[in-house]
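Annotation comment: Swiss-Prot describes 13-124 as domain 'MTTase N-terminal', evidence class sequence analysis. Here Swiss-Prot flags CYS22, CYS58, CYS87 as [4Fe-4S] cluster 1 binding site, drawing on sequence analysis. Annotation source Swiss-Prot lists domain 'Radical SAM core' at 191-422, citing sequence analysis. The annotation [4Fe-4S] cluster 2 binding site is assigned in Swiss-Prot to CYS205, CYS209, CYS212 on the grounds of sequence analysis. Residues or ranges marked as domain 'TRAM' in Swiss-Prot: 424-497.
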Amino acid sequence: MVSATPPAPADGRRVALLTLGCARNEVDSEELAARLHSDGWQVTTDGEGADVVVVNTCGFVEKAKQDSIQTLLAAAETGAKVVAAGCMAERYGRELAESLPEAQAVLSFDDYPDISDRLGAVLAGTAIDAHTPRDRRELLPLTPVRRGEAAVSLPGHGTPAAVAQPGARSAPIEVDEHTPAHLRPVLRRRLDTGPVASLKLASGCDRRCAFCAIPAFRGAFVSRPPEALLAEAEWLARTGVRELVLVSENSSSYGKDLGDPRALEKLLPQLAAVDGIVRVRASYLQPAETRPGLVEAIATTPGVAPYFDLSFQHSSEAVLRRMRRFGSTDRFLELLGSIRALSPEAGARSNFIVGFPGETRADVAELVRFLEEARLDAIGVFDYSDEDGTEAAGLSGKVTTATVKRRYDRLSALADELCAQRAEQRLGSTVQVLVDSVDGGVVEGRAAHQAPEVDGSTTLVAPVGGGVDLTALRPGDLVECTVTATEGVDLVAVPDAMISAAPGVAR
């Protein structure tokens, strides 16, 4: 088995990678870890004792930006050199550098191929000029199928050929004589030893949602080749990963720039067939692009979780039009109905924005109707706020702050109630639970409808009589269980049978 955490060089410079935001950022950090480790750096996720702390920031909404700034300031208090990377750094560049002198450098995605040189310069006291932000959509051809030819840094795309700029050093993962040739280009070093890992399908987005700034700093949509994804999936499995979570800004678009708009339907069974992988989970699906064939592939392919992370954002047709999105309550309910016709117990989650400019009480009532009929397992509610550089910031019909808060509080309370009710509907059902952790006799895992960190979890309790010995379970085991109780969105279940034991684990 390839080690997830190969020993660090004894005399290496020490760098801490702190990751904020989404799972896509986590993949980017693991690419940086691979580059740095191969160049002699000791890589850690603990800022204490580090020579340099790199904060992979999030810049999606105001709260995320504030969290990023606070993390950078806290890192500076350790006495280490501090470097800002990631989305907030890319989005604000020179402006962030001027407003945050505590950071010795603010890096662009274009700096990633030379990350070791950049951090070396920081340690040497050399000033690094921050970049002037630009719309990264303009760096790639307008025609999707020509984007693979462009020499643009795409974080998390996993192979030196995909991300290295002319003259930049490529930095593959540590390999040995037992590493198959097709795995040697994988550019990733795990920072987590758990049984689940994200696999980045693509970067960027071609949609123009009025509230979202992501395409401007992440760029246009670019898919990774299937062969690169399959190689990385195999490499991850060799490090002990059992579940792959497919991430991107819009997974439904995967393959459109490869000349195959149905590429995801073909990729899913191939990923599920990778030795050692017991669950593949798709995420970040765009409802308008979630076609019948994709629904069928996710709902019925063995080894693929029947799980639908659908970005609805609202259900009022009028609000969706102002958001530059498509859909309505009835169309979204029809989509959910088609999913459950194929997989009655399929999981479904979504996020919603309340208080978008022009939203009326009737629009809120329409959203409430949708939520009450949709039977979603997890619901995220966000209160609207203007974001720099977005179309929505200039729209008329702004909802007052007090009204936004009232609507947010109401919808959040409703979401909690509805998700708890949905969990109760699973009482007595059989679920497949992947064990994530065993700590002091407490065994935690997730059923197929529960994605890591965002959708709740399942606690396993000792069976009465037969079943699986709870004390013998280990992270990475896949167990068939019966749901016996709920706690909000979380489940309590009894393990009935081992489906697939984690390989190479002492028992």
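Cβ atoms are placed via backbone N, Cα and C, with glycine included.
Keep in mind it's a predicted model, so treat the numbers as computed, not measured.
All features noted in Swiss-Prot, drawn onto the structure.
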{"residue": "CYS22", "record": "[4Fe-4S] cluster 1 binding site", "contacts (Cβ under 8 Å, 6+ apart)": "CYS58, PHE60, VAL247"}
{"residue": "CYS87", "record": "[4Fe-4S] cluster 1 binding site", "contacts (Cβ under 8 Å, 6+ apart)": "GLY21, ASN25, THR57, CYS58, GLY59, PHE60, ILE214, PHE217, ARG218"}
{"residue": "CYS205", "record": "[4Fe-4S] cluster 2 binding site", "contacts (Cβ under 8 Å, 6+ apart)": "CYS212, ILE214, PRO215, ARG218, ALA220, PHE221, GLU249, ASN250, SER253"}
{"residue": "CYS209", "record": "[4Fe-4S] cluster 2 binding site", "contacts (Cβ under 8 Å, 6+ apart)": "GLN313, MET323, ARG324, ARG325"}
For the domain 'MTTase N-terminal' (13-124), how many residues does DSSP put in helix, in strand and in coil?
59 helix, 22 strand, 31 coil
Quick one: average pLDDT across the domain 'TRAM' (424-497), no decimals.
94
Centre the Cβ atoms of CYS22, CYS58, CYS87, go out 8 Å, and tell me which other residues of that chain have a Cβ in range of the [4Fe-4S] cluster 1 site.
LEU20, GLY21, ARG24, ASN25, THR57, GLY59, PHE60, ALA64, GLY86, MET88
Can you count the other CB atoms that lie within 10 A of the CB of CYS58 ([4Fe-4S] cluster 1 binding site)?
22
Do you know the DSSP helix, strand and coil residue counts for the domain 'TRAM' (424-497)?
4 helix, 36 strand, 34 coil
According to DSSP, collapsed to three classes, what secondary structure does CYS205 ([4Fe-4S] cluster 2 binding site) have?
coil
Quick check: which same-chain residues outside CYS205, CYS209, CYS212 lie with their CB within 8 A of the centre of the [4Fe-4S] cluster 2 site CB atoms?
ARG207, ARG208, PHE211, ALA213, ILE214, PRO215, GLU249
Count the other Cβ atoms sitting within 10 Å of the Cβ of CYS212 ([4Fe-4S] cluster 2 binding site), across every protein chain shown.
22
